[in-house]
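Visitor: According to TrEMBL, the protein has these features:
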- Cys19-Cys115: disulfide bond (DISULFID)
- Cys69-Cys121: disulfide bond (DISULFID)
Amino acid sequence: FLARVAAGQHQGTQAKDSCIHFPDSLPHMLRELRAAFSSAKTFFQMNDQLDNSLLSQSLLEDFKGYLGCQALSEMIQFYLEEVMPQAEDHGPNIKEHVNSLGEKLKTLRLRLRRCHRFLPCENKS
């Protein structure tokens, strides 16, 4: 029993340590995400509805606080549940790129959930 408790505490410490470095590793994760997106970018842009305005300037300003972290998490969820599955159905040429992008989004979402206290938007709220 004590060994399991000690192991659990060790894992908790490791998770906390990885979260401490999360803000520093976030730019690298975003570069990887951007690179993965560039492989599927043409597909998404061809299917975009440009007449839909998603953000007003005032809402964009609100994203600099806690709302930004929450919105990012919800956007990732939307892409994983709605956008990515539809893109995968468009053929094998795009599926590999979409799967890669999806995996990177899942990793980012997991880190955001686990490390939210260490993000700059949490500190500003």
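Cβ from N, Cα, C; glycine included.
All TrEMBL annotations are machine predictions without curation.
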Visitor: Ten-angstrom check, please: count other Cβ atoms within 10 Å of the Cβ of Cys19 (disulfide bond), all chains counted.
Guide: 16
Visitor: Can you grab the distance from Cys19 (disulfide bond) over to Cys69 (disulfide bond)? Cα atoms, rounded to a whole Å.
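Guide: With the alpha carbons as reference points, the distance is 15 Å.
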